[in-house]
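Database features (TrEMBL):
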type	residues	note
BINDING	GLY110, ALA111, THR112, THR113, ASP114, THR134, THR135, LYS147, LYS156	NAD(+) binding site
BINDING	GLU189, HIS252, HIS268	Zn(2+) binding site
DOMAIN	72-181	domain '3-dehydroquinate synthase N-terminal'
DOMAIN	186-328	domain '3-dehydroquinate synthase C-terminal'
Amino acid sequence: MTEQALTRITVAGSAGTEPYDVLVGRQLLGELPFLLGDRAQRVAVLHPEALAETGEALRADLAEQGYEAIAVQVPNAEEAKTAEVAAYCWKALGQTGFTRTDAIVGVGGGATTDLAGFVAASWLRGVRWVAVPTTVLGMVDAAVGGKTGINTAEGKNLVGAFHPPAGVLCDLAALESLGTHDYVGGLAEVIKAGFIADPAILELIEKDPAAARTPAGPHTAELIERAIRVKADVVSEDLRESGRREILNYGHTLAHAIEKNERYTWRHGAAVAVGMVFAAELGRIAGRLDDATADRHRALLRSVGLPVSYRGDQWPKLLDTMKVDKKSRGDRLRFIVLEGLARPAVLESPDPAMLLAAHAEIAA
Ligand SMILES: NC(=O)c1ccc[n+]([C@@H]2O[C@H](COP(=O)([O-])OP(=O)(O)OC[C@H]3O[C@@H](n4cnc5c(N)ncnc54)[C@H](O)[C@@H]3O)[C@@H](O)[C@H]2O)c1
Ligand SMILES: O=C(O)C(=O)C[C@@H](O)[C@H](O)[C@H](O)COP(=O)(O)O
Ligand SMILES: [Zn+2]
């Protein structure tokens, strides 16, 4: 029998939190009891509707191992990131008698792990949790780094907590059931990691964009691992986003406004793709970024099938929403831009005319 390759990427403890590992490979669920800790008696498996079978199989497996295990099904995608769904989960924990030594497992895409982490952060002011991401985006970004949260009517991720998981299990086999649209959406965050920190990612995708669109591509594991390393490196240094972590928000100021404007019918990754083109244009217009690197954004994102434009008649609404972005300080809008490949920087209070000009470049 050939041994399955297993990659272990450690996220260092920061701001008083424990270090933890992100495992990338196949058939990793054997690691779960170790990650749940030796004091957990009850385990809640939070999963989306789309993964009802996976959630139930995981629950049954944990029950066989002696845990009092419950499966808590939540809506698919962004519909799960609401106060109502969080309250539904708290009720399930309360009715099962969850104590501070019990644990939560979030299995699903980024929306599910954001919710599961938030429920873990808020229940009894914080219980242990393990992330089992099942989308590219979840593996390379959402499940790593301890940003957990839900949306409110006013915007994306406005309520949440920094609450790192005890471990992250990325089983590459899970990606085989993911639709192309969702698979490709995750590539936006992979490409983001390439532009802000690891240009080798961009070269791997440029070599064969069609192959990058499927889990069977020759570089799938390498792309995922490289993007995880970028994220792990940044959050190891700055868990609470008091500085360097802001670079992970590249493209997100506009992206979150588009998601809200579309009532979350756009996937996060698609919005981030448009947001990165906007940020690249803003960098170019501000005299910070060279033409070739700015143009490379559009070419690369387009080559894998991600959107690079958005309807042009929504600018006033988008601008209004961007004002509540977490990087804003008072009335000052702040954007992450590039000053070259892998050279992210903050652009403070850009002139409204610059914003409008960058918007014109993405307006459909
Ligand atoms: N916390 C963070 O640091 C962070 C980072 C990036 C993104 N996010 C958040 O992640 C979310 C986006 O995550 P996403 O792109 O994974 O989307 P998602 O969680 O909305 O999942 C997309 C769809 O795929 C389904 N699905 C998940 N895994 C599947 C599988 N293996 N097979 C078939 N269907 C599957 C889901 O149920 C959902 O319907 C956004 O809410 C975004 O804000 C958070
Ligand atoms: O981990 C981070 O920090 C990021 O900014 C990663 C982003 O990809 C992610 O979408 C995150 O949820 C955005 O956070 P927010 O603080 O802007 O809501
Ligand atoms: Zn993101």
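The backbone N, Cα and C atoms fix where each Cβ goes, glycine too.
TrEMBL does not curate its annotations; it predicts them automatically.
Per DSSP, the domain '3-dehydroquinate synthase N-terminal' (72-181) is made up of 49 helix, 34 strand, 27 coil.
In this record, NAD(+) is bound by GLY110, ALA111, THR112, THR113, ASP114, THR134, THR135, LYS147, LYS156; the longest C-alpha to C-alpha distance in that set is 21 Å. Ranking the binding-site residues THR112, THR135 by how many other Cβ atoms lie within 10 angstroms of each Cβ puts THR135 at the bottom.
Excluding the listed site residues GLU189, HIS252, HIS268, the same chain places LEU137, ASP141, ALA188, LYS192, GLY251, ALA255, GLY269, ALA271, VAL272, GLY275 with Cβ atoms within 8 Å of the centre of the Zn(2+) site Cβ atoms. Sequence-distant neighbours of GLU189 (Zn(2+) binding site) (same chain, 6+ apart, CB under 8 A from its CB) are VAL136, LEU137, VAL140, ASP141, ALA227, GLY269, VAL272. Between the CA atoms of GLY110 (NAD(+) binding site) and HIS268 (Zn(2+) binding site) there is a gap of 9 Å.
For the domain '3-dehydroquinate synthase C-terminal' (186-328), residue counts in helix, strand and coil come to 99 helix, 1 strand, 43 coil, using DSSP. Ligand 1 lies under 6 Å from the Cβ of ASP114, THR135, out of the binding-site residues ASP114, THR135, HIS252.
Rounded to a whole number, the C-alpha distance linking ASP114 (NAD(+) binding site) with HIS252 (Zn(2+) binding site) is 16 angstrom. Note on ASP114 (NAD(+) binding site): other Cβ atoms within 10 Å of its Cβ, all shown chains, come to 27. Between the CA atoms of LYS156 (NAD(+) binding site) and HIS268 (Zn(2+) binding site) there is a gap of 10 Å.
The Cβ neighbour count for HIS252 (Zn(2+) binding site), using a 10 Å radius and every protein chain shown, is 26.
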